[in-house]
Amino acid sequence: MSRAGNRGNTQARWLGIGLLGLFLLPMYLSLEVSVGKATTIYAINGSAILLPCTFSSCYGFENLYFRWSYNNSETSRILIDGIVKNDKSDPKVRVKDDDRITLEGSTKEKMNNISILLSDLEFSDTGRYTCFVRNPKEKDLNNSATIFLQVVDKLEEVDNTVTLIILAVVGGVIGLLVCILLLKKLITFILKKTREKKKECLVSSSGNDNTENGLPGSKAEEKPPTKV
């Protein structure tokens, strides 16, 4: 009885975990926010940089709220926030903290883009930028993504020497393998032709020997007709 009871409790526990997972899974898959693959981007002092952000929702959205915030070790503030009424409306800004910020997003063609352009960069702009989205249609479900901006005096040139060496080595190895395969095919072809010639020579030599020895099947076997 105790084993049966334990088995029943285990099954009930796993069933409960499975049901909880099915309940929570749509929440994790519905509203997504992305700032691209790069976690850190670099920009030159005095230039402009586009901070990308897109969102997606499996259930659609209405009066979706979004905001960009900035923080570093010393300060934290909201840069811009706004509302996207629906998928046929462009994002509308409610509050903007800095005139250097421009909303570059659009929801047309299902892009769901709420990226911002930050102009006239300063070294103090270095920090973490977070794109936050909340969807009332999904019971105020929210999500966010963060990207780090590093403002530099100049962009460092990437040394591609190692990459070029690796590519050269790989290319050389591939070229060598191709040459080996071609050489192998050539040798195989030559050997095949050599065997065929040897075989022809042996057959021809055998025929000549038969003729000279008067063996059956040779011309020496033929006898002149008997005169009557």
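Glycine is no exception: its Cβ is also placed from the backbone N, Cα and C atoms.
The annotation compositional bias 'Polar residues' is assigned in Swiss-Prot to 203-213. As annotated by Swiss-Prot, compositional bias 'Basic and acidic residues' applies to 219-228. For Cys53-Cys131, the entry in Swiss-Prot reads disulfide bond. Annotated domain 'Ig-like C2-type' per Swiss-Prot: 31-148, in sequence order, evidence recorded as sequence analysis. Annotated N-linked glycosylation site per Swiss-Prot: Asn45, Asn71, Asn113, Asn142, in sequence order. The region 'Disordered' feature in Swiss-Prot is assigned to 199-228. Under the heading topological domain 'Extracellular', Swiss-Prot lists 31-161, citing sequence analysis as support. Annotation comment: Swiss-Prot describes 162-182 as transmembrane segment, evidence class sequence analysis.
In the structure shown, the C-beta of Asn113 has more C-beta neighbours within 10 angstroms than that of any other entry among the glycosylation sites Asn45, Asn71, Asn113. Neighbours of Cys131 (disulfide bond), defined as other CB atoms within 10 A of its CB across all chains, total 24.
Close to Asn113 (N-linked glycosylation site), meaning Cα to Cα within 10 A, are the following recorded positions out of Asn45, Cys53, Cys131, Asn142: Cys53.
Closest to Asn71 (N-linked glycosylation site) by Cα-Cα distance, out of the recorded positions Asn45, Cys131, Asn142, is Cys131. Long-range C-beta contacts of Cys53 (disulfide bond), restricted to its own chain and to partners at least six residues apart, with a cutoff below 8 Å, comprise Val33, Ser34, Val35, Phe66, Trp68, Gly105, Asn113, Ile114, Ser115, Ile116, Cys131, Ala145.
Per-class residue totals from DSSP over the domain 'Ig-like C2-type' (31-148), listed helix then strand then coil: 9 helix, 63 strand, 46 coil. Spacing of Asn142 (N-linked glycosylation site) relative to Asn45 (N-linked glycosylation site) is 33 Å (Cα to Cα, whole number). Across the residues of the domain 'Ig-like C2-type' (31-148), the predicted structure has a mean pLDDT of 93.
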